[in-house]
Amino acid sequence: MAPKKLSCLHSLLLPLLTILLPQADTRSFVVDRDHDRFLLDGDPFRYVSGSLHYFRVPRVLWADRLLKMRWSGLNAIQFYVPWNYHEPQPGVYNFNGSRNLIAFLNEAALANLLVILRPGPYICAEWEMGGLPSWLLRKPEIHLRTSDPDFLAAVDSWFKVLLPKIYPWLYHNGGNIISIQVENEYGSYGACDSSYMRHLAGLFRALLGEKILLFTTDGPEGLQCGSLQGLYTTVDFGPADNMTKIFTLLRKYEPHGPLVNSEYYTGWLDYWGQNHSTRSVSAITKGLENMLELGASVNTYMFHGGTNFGYWNGADKKGRFLPITTSYDYDAPISEAGDPTPKLFALRNVISKFQEVPLGPLPPPSPKMMLGPLTLHLVGHLLAFLDLLCPHGPINSILPMTFEAVKQDHGFMLYRTYLTHTIFEPTPFWVPNNGVHDRAYVMVDGVFQGVLERNMRDKLFLMGKLGSKLDILLENMGRLSFGSNSSDFKGLLEPPILGHTVLTQWMMFPLKIDNLVKWWFPLQLLKRPHPQAPSGPTFYSKTFPIVGSAGDTFLYLPGWTKGQVWINGFNLGRYWTTRGPQQTLYVPRFLLFPKGALNKITLLELENVPLQPQVQFLDKPILNSTLHGLRIDSLSADTLSASEPMELSGH
């Protein structure tokens, strides 16, 4: 009798469970081509989304930024997944801390935001190498973003790790991911390899199934090579572009279904040496309103930009090499520090005309802090710490080797050789074929001689004795993220020439500067001799307490030239005071120890230190200083156009 009772109980509970439990198979996000719209669970749906990159925002701030986006009236967010952020070495994966993609998806769900996912493998995003891991270049002949078997093997291996992680988060499985982009703006890449795109589409289908909506995104000029039958075609453009013309062109590739602008630009990125980019509130709100009146779905890029901490910024190539600033504020509706701007309130007002927006007050701006000026103390010349920066010793080679060849992914590497004869007169020193990638700080017997810079400064004049030590500190300023169909190797790509002599017999020191700053400097185990007159790459530091309550702040470095900054061992990123436009670095308050503890700031100044080696913490950012202190007569002619408007890049 017991089995029959159990069966009866089961029959009574089953209808109740059917009502109470959410059914994944009732959830759907599909294209209704008959009525040119999306359907969410069978109902007409239009998304108004915003881009936010979890990899540019520390994890402790995710919830705050997402809440503000939801309050703004957005019903979805769009974000990339940078491959190089999660697979730093082949087969070594990191999904911890601020790399915890699943935790971010969960935070988005808590904020009641749907997700439009862009996993690449290439993402651009003004991110280092467009999100592709630099270890791919350890095979120098590899053809990125093509059906090259070496590239496809790496992509397949990565996606077999990534895509199963996100599978439970697909909308029809009960998650919040409604659609997924395949590649990114592939039509802007010269290869135009349809076999590669078909391979990716097949891989996504094999790992994610048939139900998820897959799409492509391209600028108007890239639709021909970027679109693929079976993937939904979307376009991207900004408020200054002709919406009618672009959507008409889109209809040639996607005759039926909703119109989608996957990147509607609220601002723009900044390059070192150019003016800070802004977009007017009126132009952006007018363009958004016009698209929403058409019934289009729109993603605003960016809604919150964030920061290129550490060495993660990318670069463009438009006539010359253009590295991207540390700040990714983007003139976005939510500022780099997470504060609402007038642009946010204006966009919210437009969105409220078309769909409900959450009620209640917006969280206020974060408290800000001022401190200083603080006088930094000399720690020592970079060359004095070589044994700690490169504990395994140098790599020896007749000709210089690239970063990739010695498995140095980011940051700096020191090249050293010795003069084979005395140079009595100032003699030209250069690297052929624009072979400095990207910036070289040249020293003879420890004395700073000057800088060679990719596409800009191509020659110095040196003197030295037989046996003099020639050191070249090479800085990787960020690998190309857009605008090139070639691999962007770093370091000395050609052997330098002094006079008529090709310099050989090199020692290469891959430097682990972050390890030195984080682990050794705080211990102060032994003292190194300080140079009498600091020259070239030199460390400075200062310990300081917080007086009162800590707040977000902005590090200002007046009079300093160029370098890298760490706060309590955390790499804030690059500063380039003399080049601009960015003059301050964003310091989230959680990086600072509260009252009663000592904080430590460490600087690696690469060129020249001010007479007063001071820094300040401000309560407002300075992102818009124009070129100053730049010696035009020492640069190539193309530098003179540095402040002219640039053509748009992709993202």
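Glycine is treated like the rest: Cβ placed from N, Cα and C.
Caution: TrEMBL annotation is automatic and unverified by curators.
Some features that TrEMBL has for this protein:
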ACT_SITE  Glu185  active site, proton donor
ACT_SITE  Glu263  active site, nucleophile
DOMAIN    38-353  domain 'Glycoside hydrolase 35 catalytic'
DOMAIN    400-512  domain 'Beta-galactosidase 1-like first all-beta'
DOMAIN    537-594  domain 'Beta-galactosidase galactose-binding'
SIGNAL    1-28  signal peptide
Glu185 (active site, proton donor) to the residue listed as 'active site, nucleophile' - Cα separation in whole Å: 11
Helix, strand and coil totals (DSSP H, G, I; E, B; other) for the domain 'Beta-galactosidase galactose-binding' (537-594): 3 helix, 28 strand, 27 coil
C-beta crowding around Glu263 (active site, nucleophile), within 10 angstroms: 24
The domain 'Beta-galactosidase 1-like first all-beta' (400-512) - residue tally per DSSP class, helix then strand then coil: 3 helix, 57 strand, 53 coil
